[in-house]
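Asker: What follows is a structure written as structure tokens; I'll ask about it next.
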Amino acid sequence: MQKLTCEQIGILWITSASIAYGMMPIWSVFVQDSGISTEYLLLFRFICTALLLFSWSIYKKISLKLPMPYLFKFFFLGGVLYIVQSFAYLDSLRFIPASLSVLLYHIYPAIVTLIAIIFLKDKITPKMLFCLITSFIGLVVILQPSSYLALNFYGIFLSLVGALFYGLYVIFSKNLAQKFSSIVCSFYVCLFASLAILCYIVIDLPNLQNIKANGILALLGLTFVSTLFPMIAYFLGMSKIGVTKTAILGMIEPLVGVLLSLWILGESLTLIQCLGACLIFFGSILLFIKH
């Protein structure tokens with residue numbers, strides 16, 4: 001059996017991360033329906049993940065000491081870029097349909113590709129461009145944006161802000177992912193993200209209503225399945241395949257969200273949406289094929 005190349009291993013890591021991240025809207029719906037606000041959702045998510053990563057680093061004797069300049073970089077990465085995109089994306093679900101929010105949010109691969117080409121001088125091959133276009137067309141088809149007539153522009157704004165800041169997050173995390181282990185990167189991103197949202201909660205003091213049991217379970221799923229694992233997998237994969245391919249493989253994330261909505265929320269899928277799903281799969285799988 002032929003051994004997987006470094007690039008193929010990286011693609012598998014990013015694909016796994018995209019699948020786990022794709023479950024996030026489902027967890028979030030259950031959490032918010034149980035009476036937990038977006039602020040407390042993010043606080044619990046990031047604090048628990050940071051504590052788990054800290055415990056794991058002690059167990060594995062992984063040093064978390066960093067020079068001060070890198071601490072500032074991680075503060076910007078987690079305390080600004082990651083927390084803004086997380087809050088904007090999840091909060092947009094309260095104002096616009098989830099599928100429209102997902103569509104707008106996932107223009108970030110185009111943002112990443114554009115920034116990488118213009119500012120980072122990345123070389124984009126015809127194959128990568130074809131994969132990006134194919135995946136995005138599939139995304140447009142599967143989410144049927146033309147069916148939405150009444151639009152909440154604040155929700156649209158939030159989703160686009162999430163897309164912009166996640167695109168910047170992907171770009172700025174590239175060098176750090178190559179210099180430090182995935183555990184170190186994920187820990188500091190979660191640490192500074194949790195500190196940022198904690199400061200916001202202290203200032204704003206949002207109400208915490210009575211929490212249902214299913215909300216706690218969903219919150220645990222959001223923390224372990226859709227935060228801890230994909231953050232580590234993301235840094236492991238991006239250091240092997242670069243930012244552009246990472247962004248393109250991120251197109252799998254909304255596909256997972258739609259499929260889970262069919263199964264868990266009882267939504268229906270049309271023949272056209274099936275075609276869109278096939279286009280996303282085709283664009284992502286084509287990246288995995290070496291020749």
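For all residues, glycine too, the Cβ spot is worked out from N, Cα and C.
Annotation source TrEMBL lists domain 'EamA' at 9-143, 154-288. According to TrEMBL, the feature transmembrane segment maps to 12-30, 42-59, 71-90, 102-120, 127-145, 151-171, 183-203, 215-235, 247-264, 270-289.
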Asker: Is the transmembrane segment (247-264) packed against any residues at least 6 beyond its ends, judged by a Cβ distance under 8 Å, and which are they?
Answerer: 11, 14-15, 18-19, 21-26, 98-99, 102-103, 106, 108-109, 112-113, 128, 131-132, 135-136, 138-139, 142-143, 167, 170, 241, 273, 277, 280-281, 283-284, 287
Asker: By DSSP assignment, list the helix, strand and coil residue numbers for the domain 'EamA' (154-288), in that order.
Answerer: 117 helix, 0 strand, 18 coil
Asker: Would you report the average pLDDT that the model assigns to the domain 'EamA' (154-288)?
Answerer: 82
Asker: Which stretch, 12-30, 42-59, 71-90, 151-171, tops the Cβ pairs under 8 Å count with the transmembrane segment (215-235)?
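Answerer: Checked against 12-30, 42-59, 71-90, 151-171; highest Cβ contact count belongs to 12-30.
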Asker: Taking residues 6+ outside the transmembrane segment (183-203), which of them lie with a CB under 8 Å of any CB in it?
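Answerer: Answer is 39-40, 42-43, 46-47, 49-50, 53-54, 56-57, 60, 62, 64, 66, 71, 74-75, 77-80, 82-83, 86-87, 173, 176-177, 227-228, 231-232, 235.
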Asker: Which residues of the chain, 6 or more past the ends of the transmembrane segment (71-90), have a CB below 8 A from one of its CBs?
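Answerer: For the transmembrane segment (71-90), the far contacts come to 24, 28, 38-39, 41-42, 46, 101, 105, 158-159, 161-166, 168-169, 172-173, 176, 185, 188-193, 195-197.
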Asker: Using DSSP, what's the helix, strand and coil tally for the domain 'EamA' (9-143)?
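Answerer: DSSP classes over the domain 'EamA' (9-143) add up to 108 helix, 0 strand, 27 coil.
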